[in-house]
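**Q** Take this structure first; my questions come after.
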Amino acid sequence: MSIISTQLNAIKPSPTLAVVRKTLELKRAGIDIIALGAGEPDFDTPDNIKEAAIKAIKDGFTKYTNVEGIPALKEAIQAKFKRENNIDYDLEEIIVSTGGKQVIYNLFMASLNKGDEVIIPAPYWVSYPDMVLLAEGTPVFANCGIESNFKLSGEALEQLITPKTKWLIINSPSNPTGASYSHSELKNIAEVLRKHPYVNVMSDDIYEHITFDGFKFYTLAEIAPDLKDRIFTVNGVSKAYSMTGWRIGYGAGSKALIKAMTIIQSQSTSNPCSISQVAAVEALNGVQGYIAQNALNFEKKRDLALSILQRVKYFECYKPEGAFYLFIKCDKIFGAKTKSGKVINNSNDFGEYLLEEAKVAVVPGIAFGLEGYFRISYATSMEELEEACLRMERACGSL
C-alpha cells in the first residue's frame, strides 16, 4: 500500500514553478538566462506597507488572530468593495486567507461534492483544475483561443451547463492572457446565469488594478447585483501592491460559504500571518496613487514586447487589456527543424528551443490548457524585456 494518497495521482506540479526552478538552475551554472516565466510584479512593496508591518512587530502583534482575519482588515476589505466596486458586504461575508490561492482552495473544498462540475475557460491559471480535482470535482474546459479574444461568451457558456454544473470560473484580467471582460460581456454571461439558478460563479479579480488603454474594470457582482448570493469574489494584495510573498488574499460571498470556509481554514492553517494582515490594512487604506503609475509602466512594457514579437512571422499576438502577460500563438512554427535537426512539434518543444537557443525562459501554452501558444511575463525591466524579445526574434529567424 502506497503512503501517498490516490487523490494526488491526477495532480501535477505547477508548470510555472518548474520553469522558474529550471531557470534558477541554469543561472547558478553561470548561463545568461532571461526569465519571463514568473507571475509577480517587478517592483518592491511600498515603504508605507513595510513600515506598518515593522510597527506591528515592534508592538508585539505576533499572536494568533481570528481565523477568518482581523476585524480591521475585514473592514478595510469591506470599504474597498464599496469604494471601488459599489458592492456592499457584511463583515460575516468576508474571509482573509494565506493568499488568494488558499481562498480558492477553501472555496472548492467547502462547496464541491464528488462529480460536481466546474466550468473553466481555457487557457486558465494552472492551479484551477487541480484544486477542483483535489476537492473531487470535475473540471469542464471551454476552449477560448485567440479567435474568441480568450474570453467565454454567454452562448458558449450555455452549451456547457449541465445539471451537474456547480461553478463557473471567471478570471479578469486573465492569467495567462491578460484578456479582460467588458461590461457588456459580463452582462451577457449574467443573462445566461439567470436561466440556471443552481450555477455559481467564482470571480478571480486579482489583477483588477492592472489595466491598460483606459479599460474600465468591472466585476460580475457589480454588474449583476441580483446574482450576488451566487457569486464568490476573490482578490488580494499580491499584484496591485507587489506583496506576493506576504500571502494575503481575501474572498467575499454568502455567509454560509464563508462559515464553511472558515471551518476548513481553522483545521488547516488557522489565521493568516498577523503581521501580513496589518500590512494589508495599510495597503488597502493607505495611499493608492502609485497603483495607476505601476499599471502605466506595465502598459509601456506590453507595448515594447508587442512591437518586437509582432514582427515574428510565426507569431500571432493578442493585445491584452490587463495583467502583465502575453499569450502568443506559435503553432505556425510546429514542424520546423532546429539547427541540430530536432523537430518542434508542440509548445513544450518550442519552450525548450527558446531556452537552449535564445536563453529565454517562457511557459508553454499546454501548461495553461491550450496547445499552440506560449506565455511570457513582461514584469521585468525594460532593458531585460527588450533583450529577451530580440533574442526570441533572432532564434525564430534562424528556423
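From the backbone N, Cα and C atoms, a Cβ is placed for every residue, glycine too.
The structure displayed is predicted, hence computed values, not measured ones.
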**Q** Which one of ASN175, ASN188, ASN200, ASN297 goes with GLY39, TRP125, ARG375 at the L-aspartate site, as Swiss-Prot has it?
**A** ASN175
**Q** Tell me the Cα distance separating ASN175 (L-aspartate binding site) from LYS12 (site 'Important for prephenate aminotransferase activity'), rounded to the nearest angstrom.
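**A** Each residue's Cα considered, LYS12 (site 'Important for prephenate aminotransferase activity') and ASN175 (L-aspartate binding site) end up 18 Å apart.
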**Q** Under DSSP, is ARG375 (L-aspartate binding site) part of a helix or a strand, or is it coil?
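**A** Reduced to three states, the DSSP call for ARG375 (L-aspartate binding site) is strand.
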**Q** From the binding-site residues GLY39, TRP125, ARG375, pick the residue whose C-alpha lies nearest to the C-alpha of LYS239 (N6-(pyridoxal phosphate)lysine).
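**A** Nearest in space to LYS239 (N6-(pyridoxal phosphate)lysine), counting only the binding-site residues, is GLY39.
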**Q** Among GLY39, TRP125, ASN175, ARG375, recorded L-aspartate binders, what is the largest CA to CA distance in Å?
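**A** Site span for L-aspartate, by Cα atoms: 11 Å.
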**Q** For GLY39 (L-aspartate binding site), what is the secondary structure state per DSSP, taken as helix, strand or coil?
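**A** Where GLY39 (L-aspartate binding site) sits, the three-state DSSP reduction gives coil.
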**Q** Just checking, which of LYS12, LYS239, ARG375 (recorded positions) has the fewest C-beta atoms within 10 Å of its C-beta?
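**A** Looking at the recorded positions LYS12, LYS239, ARG375, the Cβ with the fewest others within 10 Å is that of LYS12.
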**Q** Going along the chain, which residues six or more apart from ASN175 (L-aspartate binding site) have their CB under 8 A from its CB?
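**A** Looking at Cβ-Cβ distances below 8 Å from ASN175 (L-aspartate binding site), excluding near sequence neighbours, one finds GLY39, TRP125, ILE206, TYR207, ALA323, TYR325.
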